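Sequence annotations record features per position, and here TrEMBL assigns Mo-molybdopterin binding site to N68, Y71, E72, C126, T161, N209, R214, G225, A226, K227. Here TrEMBL flags 87-243 as domain 'Oxidoreductase molybdopterin-binding'.
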Amino acid sequence: MLIRHAPDLTDNDVTDHGLYLKRRTLMAGLAGLGLAGAASEARAGLAYTKGFSTTEKPTSKDDITTYNNFYEFGVDKSDPSQKSGRFKPRPWTVRIDGACEAPRTVAIEDLIGKNRLEERIYRMRCVEGWSMVIPWIGFPLKDLLATVKPTSKAKFVAFETVMRPSEMPGQSWNTLEWPYREGLRIDEAMHPLTLMAVGLYGDVLPNQNGAPLRLVVPWKYGFKGAKSIVRISLVEKMPATSWNKLAAREYGFYSNVNPAVDHPRWSQATERRIGEFRRRETLPFNGYGEWVADLYKGMDLRANF
Ligand SMILES: Nc1nc2c(c(=O)[nH]1)N[C@H]1C(S)=C(S)[C@@H](COP(=O)(O)O)O[C@H]1N2
Ligand SMILES: [Mo]
């Protein structure tokens, strides 16, 4: 048995909560994440977090892995799957530094082996007006940040994608300022919904989805979820972010999903769920308001879009 500590995932949960995979299949997939070794077996756990996962039907694996935004590989939706074959997500280390007592550099194997992996089925809403339901595998970002002991000066968290023009053909074009940068306020980063994903559909994360490690913030527009992360820095000031630098009027730092605040060039009131024909209404905070609306109490979400 690959994962010993999975007492909260039963076959009843599988049918009751619409989990797309049987436990056995999920555990087999985790072998792909390097969890087959005896050492990992003792350390790793897999939880199915009730409540946070949606019961909506996941988008097909085919759509999730061929309809992508990852401008490092090109601007067309098919570029990431077609042009990421040369990208090497291993070996890989992530530097975690800045306003913390114990900065460190950690290998992807340690992140996967030492964190309690969970499946989280989240909605993802792109700022362009389409959405998906994606069964991620990962761990809360707050668990990782806790290991470096943030100081009181840590007000924001900055994320940086790898810079590797020889493997990422899109980095030869000035579509965005490279490396891709994103950021969160510290309370957003520490929120239990905020995930570091290392897999999807029970298997290791494909290159086009941000291997080997990407951020997932389900109540924000998809571009906040930086892919292929090499550096996470705790900082005092709001960090510069790639899309905001390109067009500040169009892509705010917060970028919470908000049907009432239109993009200057299109409405955000509705969205196209990939695989469906009719458009659906977009929900405030992408439907996660009951957990995150409090983070923005007293803030003007039009001025701070
Ligand atoms: N490094 C990097 N991260 C990125 C992007 C990108 O171009 N580069 N695109 C973002 C956008 S716009 C979206 S919608 C999501 C898409 O994630 P997916 O392709 O896994 O669905 O990734 C985000 N993360
Ligand atoms: Mo996006």
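Along the chain as shown, the residues are counted starting at 1.
In case you wondered, yes, glycine gets a Cβ from its N, Cα and C as well.
DSSP assigns R214 (Mo-molybdopterin binding site) to a strand segment in the three-state reduction. The DSSP secondary structure for E72 (Mo-molybdopterin binding site) is helix.
Residues near T161 (Mo-molybdopterin binding site) in space but far in sequence (CB under 8 A, at least 6 apart, same chain), listed by position: E72, W178, P179, Y180, R181, A226, K227, S228, I229, V230.
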